[in-house]
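**Student:** Take a look at the following structure, please.
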Amino acid sequence: MAFANSVLPKGGGKSPSPGRLASVYSEVQTNRLHHPLPLPSVLKGPFKLLDGPPSSAAGNPDEIAKLFPNMFGQPSAKLVPTGSVPADLPEGLKIGVVLSGGQAPGGHNVISGIFDYLQERAKRSTLYGFKGGPAGIMKCKYVDLTPEFIYPYRNQGGFDMICSGRDKIETPEQFKQAEETAMKLDLDGLLVIGGDDSNTNACLLAENFRQKNMKTRVIGCPKTIDGDLKCKEVPASFGFDTACKIYSEMIGNVMTDARSTGKYYHFVRLMGRAASHITLECALQTHPNIAIIGEEPIGKWAKVNQMDQADMRHIILYGSCTIQCGPCTCLGPFSIGLLLGLLPRIGLVAAKKQTLKNVTDYITDIICKRAKLGYNYGVILIPEGLIDFIPEVQQLIAELNEILAHDVVDKEGLWKNKLQQQSQLLFEFLPQAIQEQLLLERDPHGNVQVAKIETEKMLISMVETELEKRKSEGTYAGHFKGQSHFFGYEGRCGLPTNFDAAYCYALGYAAGALLHSGKTGLISSVGNLDAPVDEWTVGGTALTSLMDVERRHGKFKPVIKKAMVELEGAPFRKFASMRDEWALKNRYISPGPIQFIGPGSNNVNHTLLLELGAQA
């Protein structure tokens, strides 16, 4: 097997890099530092690019075409082996690379991959690392990446090689700053490593540079632990595999603790933004008693063949807010014919909007059933973005943002009178600690910081209240003690799994190939990921093909559509088929720490395997 680690300095563990000292690495870090990375076979020898058919957009193609007149419609590209190296490929390229957004395990290997490509395939090339994210581009702050500088970061976690940032290049002045940097450094290309927003920005840069007849090409790379940047051509975002395995180890430990003490319910909130991919994957890896999937409405569930006319009228009453299939919602008024046509395909229908009481009752019902079996303990997984799927909470937050922008919270609570009745009732229903978070935790724009709302503590308090009510009614005789956890930052910078290490290296190497071949406005894509690395496919997907538009401040803004959990998808269906058993029987799995050698070291996450049709 050929390995792609040809650019390493001599001298063992010592490194002249000003950032990290490999000489102080742990034994595991040092072992990972020298871990060889296999490349897909197409990247081992001469290749050529084959263009596919013209692309469209994920939604509103006419609007996307207006926003990206130069990028829209361009084909995706696929690398295929060829007999000889094309004679027209240039050497001495000048390429920039930037890390954008939150950290994800494997980012350093993307940089290592493009660096090695340039060293091996485009001699005398230079790779600049822009420091601190997109701000580094605008301020022209960069470091010249050399073999010695990169060496201690290979196969290591974190983004500290050049650091990341959340700035956006979006105003005319900022685009001008980016142009000036590109011209000053004579850049042939730029690699943007980031999530959905960052890759939207990458496409805007590609469009701007092309419009200005600049030679600088832009390629994106799919990064996010949240798992919400993916499509058929881009089957996974890097970092998801590692983060989920880190969280699953901790969940497994908590499960063993719960079983050992027999007296705690552990409420575990998991990072992941709006999508519940991390929660779903961790559930598949560990088998908790309860896992809430935000995309799935919890309401008055009814089998299609058991629905009566009252249920049907109830569904029609709620119209556009009722039937949700993954990221898409059926909007507009329903006809009976359309409704009946949809029901057999969906199987289950939420006849009520998602509410906090629905979620509380769902959890409480299972706790009561477990108590009758003698289990006064358990583990409950909660997605970070749960609140995004509860309309009543979203309405309350919107009203609070508006009121607190103009009013001061008075001790008498007179400000509450400006809330609508439903929002006022909900606010009073919430635990005091959550009320204070809603009022005090504001961002610089004065808005509620939804990500900082401790949903796990809120649910513990609400479940506790409901259990006390049921105990007084004689329907619950158990004991309840809640423990809260938030697993988030722990998973963003761990040592990447063998999968993420190889995947990221291939993404970076592929990005180098795309830039070298003159491509722009594509996102590096590596496929066939359920096969051995040697059989992975490599190419680039048009960024505009992933886009839709949202109307903000009276204007259409391009956005890469977030991939939410699909309720008809294989991962969710597998979870749904097993959760009833997990709820009442303790089928806990403790995956243990990430393995780099031996059994399980090359296992890929359940979500990816199930989505690709493999056996997970």
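Note that Cβ sites are derived from N, Cα and C of the backbone, with glycine treated the same way.
Residues or ranges marked as active site, proton acceptor by TrEMBL: D226. As annotated by TrEMBL, diphosphate binding site applies to G102. What TrEMBL records for T224, I225, D226, K263, Y264, M271, G272, R273, E384, Y489, E490, G491, R492 is substrate binding site. The site 'Important for catalytic activity and substrate specificity' annotation in TrEMBL covers D197.
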**Student:** Among the recorded positions listed here, D197, D226, whose Cβ has the fewest other Cβ atoms inside 10 Å?
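**Tutor:** Each of the recorded positions D197, D226 was scored by Cβ atoms within 10 Å; lowest is D197.
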**Student:** If I take the alpha carbons of E384 (substrate binding site) and the residue listed as 'active site, proton acceptor', what is the distance between them in whole Å?
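**Tutor:** Pair distance, Cα basis, whole Å: 10 Å.
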**Student:** Could you say which of the binding-site residues E384, E490 has its Cβ with the most other Cβ atoms inside 10 Å?
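**Tutor:** The residue with the most neighbouring Cβ atoms within 10 Å is E384.
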**Student:** Return the residues near G102 (diphosphate binding site), defined as same-chain residues 6+ apart in sequence whose C-beta is under 8 angstroms from its C-beta, sorted by sequence, else 'none'.
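**Tutor:** Within the chain, G102 (diphosphate binding site) has Cβ neighbours under 8 Å at S164, R166, G195, T224, I225, R492.
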**Student:** What whole-number Å value do you get for the CA-CA distance of Y264 (substrate binding site) and D197 (site 'Important for catalytic activity and substrate specificity')?
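**Tutor:** Here the two Cα atoms lie 39 Å apart.
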**Student:** Just to verify a number: CA distance, E490 (substrate binding site) to D197 (site 'Important for catalytic activity and substrate specificity'), in angstrom, no decimals.
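**Tutor:** Here the two Cα atoms lie 23 Å apart.
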**Student:** Run through the Cβ atoms and count how many others sit within 10 Å of the one on T224 (substrate binding site).
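**Tutor:** So the number of other Cβ atoms within 10 Å of T224 (substrate binding site) is 28.
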**Student:** Let me check the 10 A CB neighbour count of G272 (substrate binding site). How many other CB atoms are there?
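**Tutor:** Around G272 (substrate binding site), other Cβ atoms within 10 Å: 30.
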**Student:** What is the biggest Cα to Cα gap, in Å, among T224, I225, D226, K263, Y264, M271, G272, R273, E384, Y489, E490, G491, R492, the residues listed as binding substrate?
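**Tutor:** For the residues that bind substrate, the greatest Cα distance is 36 Å.
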**Student:** Helix, strand or coil for D197 (site 'Important for catalytic activity and substrate specificity')? Use DSSP.
**Tutor:** helix
**Student:** Could you state the CA-to-CA distance between G272 (substrate binding site) and D197 (site 'Important for catalytic activity and substrate specificity') to the nearest Å?
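**Tutor:** Here the two Cα atoms are 15 Å apart.
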**Student:** Between D226 (active site, proton acceptor) and D197 (site 'Important for catalytic activity and substrate specificity'), find the distance joining the two CA atoms and give it rounded to the nearest Å.
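**Tutor:** That separation, Cα to Cα, works out to 13 Å.
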**Student:** Using all protein chains in view, find how many other C-beta atoms are within 10 Å of the C-beta of Y264 (substrate binding site).
**Tutor:** 18
